[in-house]
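Structure record follows, encoded as structure tokens.
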């Protein structure tokens with residue numbers, strides 16, 4: 001395949017409407033993604049007990065990656081859209097394109113591998129909870145390998161474009177007929193496509209096995225629960241109150257466990273759908289570029305789908321962090337302390353009293369807790385009267 005010069009086409013900018021709309025979406029993703037991931041990291045750093053397992057460690061690693069994507073990759077994409085070069089700026093735009101393609105390759109590969117690691121961790125903790133293969137030491141080595149691989153693929157576009165030589169080339173920037181069509185210029189695309197499909201295959205396998213494990217456990221628990229329920233009316237007159245209370249608590253724990261299992265299954269399906277929805281269009285365009293060669297329309301479409309892929313920086317905190325009960329509790333505690341400090345009155349001259357807001361400080365929670373205890377006592381009385389009869 002031949003190579004074509006690029007000098008005459010660099011002055012062709014993107015349409016103004018395309019620039020404004022796509023830049024607005026990218027800036028919105030940058031602000032929301034950076035703020036949400038930074039909030040998660042601050043909560044993890046403030047609460048040392050949050051990073052106490054392999055699952056939390058791999059999740060924190062994903063949020064660190066998302067912050068790097070928001071700080072480094074998103075601004076470069078905005079610059080590629082807004083800064084078309086004239087004939088005197090060919091080399092500067094070529095350098096910008098090389099850095100942009102390097103960041104896109106880094107984001108694509110690192111996100112796919114990190115999501116794959118999280119899928120393996122959830123498979124390990126769900127299918128092999130007693131004897132986990134992913135120990136903290138192995139997880140640290142695995143994450144170090146992930147970062148080494150991600151940083152290695154970052155330099156691939158520079159090697160393709162002869163960045164370190166005097167004859168610098170450009171990669172996938174709009175330039176009329178100025179694209180290089182040699183396959184050697186697009187090995188970084190050839191690397192991104194299998195990484196995406198491998199990640200999807202591993203996610204489907206791991207979450208399907210998790211689904212099987214959950215079904216087996218739910219079925220076994222239901223079979224066990226039918227035995228005490230059938231014999232409960234016959235054994236009620238002879239059972240003690242403490243045994244009945246213990247049985248009631250066991251049934252409640254069983255229902256809570258089944259509800260948690262359903263919630264995990266639902267979140268697993270949402271995670272797979274989100275990853276496919278954000279990254280599948282970009283991978284499809286990469287395949288088209290590899291098969292048909294680059295063109296202005298494909299490059300513009302690729303930028304649109306790249307903006308969709310950046311949306312994972314917003315979805316990851318919602319799917320992997322704020323679904324954790326410990327993190328939500330830590331966030332509520334910090335917000336509550338902040339609100340209390342704002343509502344707290346400075347010491348008055350009369351005696352330095354402080355006005356407290358009972359609703360903010362948890363008065364409602366104590367009232368709920370009291371009513372919950374009263375309801376429990378009423379239930380125990382009903383059980384006691386049933387035994388006496």
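Just so you know, glycine gets a Cβ as well, placed from its N, Cα and C.
The shown structure was predicted, so the numbers you read here are calculated from the model rather than taken from an experiment.
Here is what TrEMBL records for this protein:
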- 20-46: transmembrane segment (TRANSMEM)
- 36-320: domain 'G-protein coupled receptors family 1 profile' (DOMAIN)
- 58-81: transmembrane segment (TRANSMEM)
- 93-118: transmembrane segment (TRANSMEM)
- 139-159: transmembrane segment (TRANSMEM)
- 185-207: transmembrane segment (TRANSMEM)
- 264-288: transmembrane segment (TRANSMEM)
- 300-322: transmembrane segment (TRANSMEM)
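Counting Cβ pairs under 8 Å that are 6 or more residues apart, the transmembrane segment (300-322) and the transmembrane segment (93-118) reach 3 or more and are in contact. Using a Cβ-Cβ cut-off under 8 Å and counting only residues 6 or more beyond its ends in the same chain, the transmembrane segment (185-207) has close neighbours at 101-102, 104-105, 108-109, 112-113, 115-116, 119-120, 122-123, 153, 156-157, 160-161, 169, 171, 268-269, 271-272, 275-276, 279-280, 283, 286-287, 289-290, 294. Distant neighbours of the transmembrane segment (58-81): 14, 18-19, 22-23, 26-27, 29-30, 33-34, 37-38, 40-41, 44, 51, 96-97, 99-100, 103-104, 106-107, 110-111, 114-115, 117-118, 121, 139, 143, 146, 150, 173, 303, 306-307, 310, 312-313, 316-317, 320-321, 324; these residues of the same chain sit at least 6 beyond its ends, with a Cβ under 8 Å from one of its Cβ atoms. Contact check: the transmembrane segment (93-118) against the transmembrane segment (20-46) gives fewer than three Cβ pairs closer than 8 Å, residues 6 or more apart, which falls short of the contact criterion.
Here the transmembrane segment (20-46) has Cβ contacts under 8 Å with residues 56, 60, 63-64, 66-67, 69-71, 74-75, 77-78, 81-82, 303-304, 307, 310-311, 313-314, 316-318, 321-322, 327, 330-331, 334 of the same chain, all six or more residues outside its ends.
For the domain 'G-protein coupled receptors family 1 profile' (36-320), the model's pLDDT averages out at 80.
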